[in-house]
Structures are given as structure tokens and as C-alpha cells.
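Notes follow the structure.
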């Protein structure tokens, strides 16, 4: 029998996405500092945070991820408050931006262990938003705990005009790439088990 996968995240979206793969999960959120370091490139940032989360949580097989919206080289994490969400949405309005997710799988099955990771990028084109749309959306509360202040799988999806790449990446976890990392780490996926 395969070990249960430990998800080092409190994100309900990641839990739901992994549920789509039929994986049994133990959820153990990692307590890590998610601030961007001065001069840290966005790809390095999401990978560093994902690795730190995976290393902070015990378990035989641990999966961690970190997602950021990137506009003009600036990492847009979760907004601090409603005004910060408005600022982010104004900045994203009418632009193309990138959503990056760093994914790390750590397996402690041997003395050496295995750590595999990847960064997945998805390009998103956002509609032009007026103040009324932004105020309404912020008023729903939905953007307040989302990287970049929007949820493609929620009401924020109405503002997305085009997606190039993994849609599940924009939600918070690139499923195809995550399944490939788990497989490479020797973690059997449900359809591979006898």
C-alpha cells in the first residue's frame, strides 16, 4: 500500500485539485516566511518557498507548492487588504501577466531521500477593468486570499480573456507536472496501483 501524500499547504484549492487525482492526503500546512527576498527573481522565489515548505513538514512523501502572479517582473502575492487588492487588479487590468508555481516533492524513503521540483509558467490575458468591476469584485471577498487578487475558478474568471498553459497552475497547482514529479519520486498514482 502506498504511503499517504502529505500536502504542506493550507490551500483548499490545492486540496481540491489533488482530490481530482484521487489522492489520499494528510494536510499539514507549513509555517514558512513567504516574503520575496530583495532582488530575488520570481522563478527563484516560488521555487525557494515551495522547497522551504516541503522541508518544514515531516512525512514520507511531502508535496508543497507556491504560486505567484508576476507582472512586469513584480511578484504579486496575496493582497494585504482590500485596497491592496484594488491596486493589484488595476495593475492587471488590460495586461498579459504570468502565473508561476513552484512545486516540490520530497520523499524520505531512503537515508538520502529524494527532492524533485519544477517551476511551471502560465500566461494569462486580463480584460480591461473599470472601477465598478474592481469594487464589486473586491466586495465579494474572493480576491483577498488569492495570489494576484483573483481566482480564475471563481468570479475572477470573468476577467480572464485567454490562458496559455496550464489552467490548474493558475488555480494553484499544475496537475500534469505535479503527477510527473510524484511518479519520478516513486509515489504511485491511483491508476498505477494494483
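Here, residue 1 is simply the first one shown, and the rest follow in order.
Heads up, the Cβ atoms here are built off N, Cα and C, so glycines get one too.
Database features, via Swiss-Prot:
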| type | residues | note |
| --- | --- | --- |
| ACT_SITE | 66 | active site, proton acceptor |
| SITE | 13 | site 'Important for substrate specificity' |
| SITE | 67 | site 'Important for substrate specificity' |
| SITE | 153 | site 'Important for substrate specificity' |
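Overlay of Swiss-Prot annotations on the structure.
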residue : record                                     : Cβ within 10 Å
13      : site 'Important for substrate specificity' : 19
66      : active site, proton acceptor               : 27
67      : site 'Important for substrate specificity' : 29
153     : site 'Important for substrate specificity' : 17
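Taken residue by residue with DSSP, residue 13 (site 'Important for substrate specificity') is part of a helix. According to DSSP, residue 153 (site 'Important for substrate specificity') is assigned to coil rather than to any helix or strand.
When the Cα atoms are compared, residue 13 (site 'Important for substrate specificity') and residue 67 (site 'Important for substrate specificity') turn out to be 12 Å apart. When the Cα atoms are compared, residue 67 (site 'Important for substrate specificity') and residue 153 (site 'Important for substrate specificity') turn out to be 15 Å apart. Straight-line distance linking the Cα atoms of the residue listed as 'active site, proton acceptor' and residue 153 (site 'Important for substrate specificity'), rounded to a whole number, equals 17 Å.
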